[in-house]
Amino acid sequence: MKNIVLIGSTGSIGRQTLEVIGSLPDRFKVVGLGSGKNWRLMAEQIRVFRPSAVAMAGEREIMNLKELLAGSYCPELGWGRTGMESLASMPEADLVVVAVTGFAGIYPTIAAIQAGKDVALANKETLVAAGHLVMKMAERHRAAILPVDSEHSAVWQCLCGRNSGEVEKIILTASGGPFREMCLEKLEKVTVDMALKHPNWNMGSKITIDSATLMNKGLEVIEAKWLFGLNYSQIEVVIHPQSIVHSAVEFLDGSVIAQMGLPDMRLPIQYALTYPERLPGSFPKLKLASLQGLTFEEPDTRRFPCLSLAFEAGLAGGTMPAVLNAANEVAVEFFLKGLLPFLGIPSVVRSVMEKHEMASDPGLEEIIEADRWARNMGVKVIRDLFN
């Protein structure tokens, strides 16, 4: 029995993680749950999984949760950054799943690593902003970082313990999003509802917008650099509209190993939870004979410049990836509120990056400060350019 702490339990990845855990009740026990503000769903999760500890974003959510749970089982409760960090470092936890979206995921991730816990990481921003610190910290505390993203899970499975010195390059696939074939003139008129309709994946709103701009793939490029110890010249992105090949690895001898499966996040989630074992899954399986065809093409960075911006930020290093991430989070937030056009997202990110005075070898506090600066600058840029 493996004891699981899940932070981000009410989000898309969190809910699917609990679905996987629920399908393997004799293998996993949920000992801790953390989430943002959805206290009603958290109450349901507590009733089903009966964790010993729970944390939420704020005290108000905890008070509402207490009231809803009155007269029934109530775990130990905490809130805010301190509550999440306590949850991530629970002594009884064997694996901490970090499924929080955004920069906030860095705090429980670091707390789990410092407590020597293995981390199943579904939060891109942690490695994007602080990959150089987090991977060194994980090595020092002997904590494993297990990728949950389908693309990184695919690369991990293709490598299968091989030395990165045998790798020529990795190939990250992207669906291309809902606007893969849309011209620039039409992209200028993209609405929020249009952008939230991903053709293949069922995801939260922020990552769905990132997929539409290709920023999601850009963040994954930076994440892959740290997860697998590669140079950016060894990371290639190709558009694969069917989302069946989740990524591939090309080795020095020219052979390519790819990982395939249906576009279902429960598959990489289950692999991260059960690793190093593979257990029977209760989810739909890929039938090769039913496939009509698999196609691949180069990404168009003229229409989708966020991918190029991510490579630029990664190559610059230092605080620049944190600035890229923070500016993007702000831009996506304003887009989702209808306060920024779709093509304004890369414009804001580029403008904030150009204004940033980069620190080349930042510590955690410098990264946090760069994140704060970029958010403030992002808001200023939006108000100056689009209002």
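Using N, Cα and C of the backbone, Cβ positions are placed for all residues, glycine too.
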Record-annotated Mn(2+) site (Swiss-Prot): member among Glu76, Glu85, Glu220 besides Asp149, Glu151: Glu220
Among Gly80, Gly176, Gly177, Gly204 - the residue Swiss-Prot places in the same NADPH site as Thr10, Gly11, Ser12, Ile13, Gly36, Lys37, Asn38, Asn123, Glu125: Gly204
Cα-Cα distance linking Lys124 (1-deoxy-D-xylulose 5-phosphate binding site) and Gly36 (NADPH binding site), given in Å to the nearest integer: 17
Cβ neighbour count within 10 Å of Asp149 (Mn(2+) binding site): 27
Residue, out of the binding-site residues Glu151, Glu220, whose Cβ gathers the largest set of other Cβ atoms within 10 Å: Glu220
Asn38 (NADPH binding site): nearby binding-site residues from Lys124, Asp149, Glu151, Asn216, Glu220, Cα cut-off 10 Å: none
Between Asn216 (1-deoxy-D-xylulose 5-phosphate binding site) and Glu125 (NADPH binding site), the C-alpha gap once rounded to whole angstrom: 10
Nearest-integer angstrom distance between the alpha carbons (Cα) of Thr10 (NADPH binding site) and Asp149 (Mn(2+) binding site): 17
Mn(2+) site shell beyond Asp149, Glu151, Glu220, criterion: Cβ within 8 Å of Cβ centroid: Lys124, Pro147, Ser150, His152, Ser153, Leu172, Asn216, Lys217, Glu223, Ala224, Ser247
